[in-house]
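Q: The feature [4Fe-4S] cluster binding site is assigned by Swiss-Prot to C19, C121, C236. Annotation comment: Swiss-Prot describes H48, H99, H149, S264, N266, S307 as isopentenyl diphosphate binding site, evidence class sequence analysis. Residues annotated as (2E)-4-hydroxy-3-methylbut-2-enyl diphosphate binding site in Swiss-Prot, with sequence analysis given as evidence: H48, H99, H149, T208, S264, N266, S307. If you look up Swiss-Prot, you'll see H48, H99, H149, S264, N266, S307 marked as dimethylallyl diphosphate binding site. The active site, proton donor feature in Swiss-Prot is assigned to E151.
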Amino acid sequence: MRKVNCIKVITRAHTLGYCGGVRMAVRMAEHARAHHRGSVYTLGPLVHNPVTLARLRARGIECLDPAHLSFALHAPAAPGAAPHAVEEKTARTVVIRAHGVAPEVYEALERSGAQVVDATCPRVKESQRRAQGFAAQGLHVILAGDRNHGEIVGIEGYVRAGAAQACSHLPGGAPDGMLPQVQCFVVQNAREAAALPCLARAALLAQTTITQGEYDAIAAAARTRVRELTVARTICAATARRQAALRALAPTVEALLVIGGAHSANTQRLLHTARETSLPTWLVERVEDIPPDIYAFSAVGISAGASTPDCVIAAVEQALRTGGAPVASRVSSSALPKVSTCRAVCAAATSSVGSAGASGAVSPGAVRPFAVGSVR
């Protein structure tokens, strides 16, 4: 039996929900579906929120996984194929998600003849540009974040591109088969940063969704391993604002509810921030996930990750006020698209490009000259 609803005050964090980059990506995908002929795909999940993904799929926007990537890249008409079949395979649009992709993936899609809609977050684009620039100058690049996150995997590709540029600056160019001594490391915490090899010069960039505290700790550890370290400010202000708003909300409530996708990096960081307050804290993706125990508190604060749509926030707030779950807000988990790992997407595309030059696929975890690697 559900406990009596004792919630008297529900307070939203001052800043919560969709950030500008996610809102832009969703609108671009919906615009593509409304105005482009043929199939519309997103390359991997557009955002890490199951409700948003289900809504996009209901509108005819499919999530492309690695098993179907070859179809997107190479879709020649079969001999004797009917005209409508040719049109169905060639009139296709691929939307690059907010997290971005490696440049070789983008180039492979363009060569395939697909119409590419680039919905990469502008802040992520800036990180890509800076990472490529540092590598082109011959600096090693250290990325602070989740090594399997799409944003990090994409930025690694820009480090490869920058290292290739560094090659062109060598007198007479690089010898055949030789690549510049530019290495890229992905570190997920200060402990991994402290295990970096000793480096002369390197640049440190953050995944846009990590907390400032995490980044500061990683930077401090990296300074003990790098003689000359450039620390770039690449954390998204929207992420920092949501975390600050949650901290400001905490003293005024008895419990916290964070709304967002379980696989969303920014939502997980928000959840971590909430738990640091020592208040009872729960993560919910939709109304059905609201825990009965929360109704025992009289004052509840709510926040939401940057990929959480407004409609879900409103539905959860309504359910907290009424003690019930509105049927209209429910989305079946069976309707969610299959989510594939970002590295698999990147690997599938790079293998289609070929192994020559900077576009060669690199095994995750390997660290070698001009290799994208991870400190374990």
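Here, residue 1 is simply the first one shown, and the rest follow in order.
Positions of Cβ are set from backbone N, Cα and C atoms, glycine also.
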Q: Could you name the residues, excluding H48, H99, H149, S264, N266, S307, of the same chain that surround the dimethylallyl diphosphate site, i.e. Cβ within 8 Å of the Cβ centre of those residues, in sequence order?
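A: Residues close to the dimethylallyl diphosphate site, other than H48, H99, H149, S264, N266, S307: V47, N49, A98, G150, E151, T209, G261, H263, A265, T267, G305, A306.
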Q: Can you give me the residues near the recorded [4Fe-4S] cluster site, meaning same chain, not C19, C121, C236 themselves, Cβ no more than 8 Å from the center of the site's Cβ atoms?
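A: Near the [4Fe-4S] cluster site, beyond C19, C121, C236, sit G20, G21, V22, A98, P122, R123, V124, T208, T209, A238, T239, N266, A306.
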Q: Of the binding-site residues H149, S264, S307, which sits closest to C19 ([4Fe-4S] cluster binding site) by Cα distance?
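A: If we rank H149, S264, S307 by Cα distance to C19 ([4Fe-4S] cluster binding site), first place goes to S307.
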Q: Name the residue among the binding-site residues H48, H99, H149 whose Cβ has the smallest number of other Cβ atoms within 10 Å.
A: H149
Q: On a C-alpha basis, identify the one among C121, T208, C236 that is nearest to H149 (isopentenyl diphosphate binding site); the candidates are the binding-site residues.
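A: For H149 (isopentenyl diphosphate binding site), the closest Cα among C121, T208, C236 is found at T208.
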Q: Would you find the one among the binding-site residues S264, N266, S307 whose Cβ has the most company, meaning other Cβ atoms within 10 Å?
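A: Result of the Cβ crowding comparison: S307.
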Q: So if I measure Cβ to Cβ from C121 ([4Fe-4S] cluster binding site) and keep only same-chain residues at least 6 apart in sequence, which ones fall under 8 Å?
A: G21, V22, M24, A25, A98, H99, G100, T208, C236
Q: Relative to the Cβ position of C19 ([4Fe-4S] cluster binding site), how many further Cβ atoms are located within 10 Å?
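A: Its Cβ shell of radius 10 Å holds 27 other Cβ atoms.
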Q: In sequence order, which residues at least six apart in the same chain have a CB under 8 Å from the CB of the residue listed as 'active site, proton donor'?
A: H99, G100, V124, S127, G145, Q207, T208, T209, A265
Q: Going by DSSP, is H48 (isopentenyl diphosphate binding site) part of a helix, a strand, or coil?
A: coil
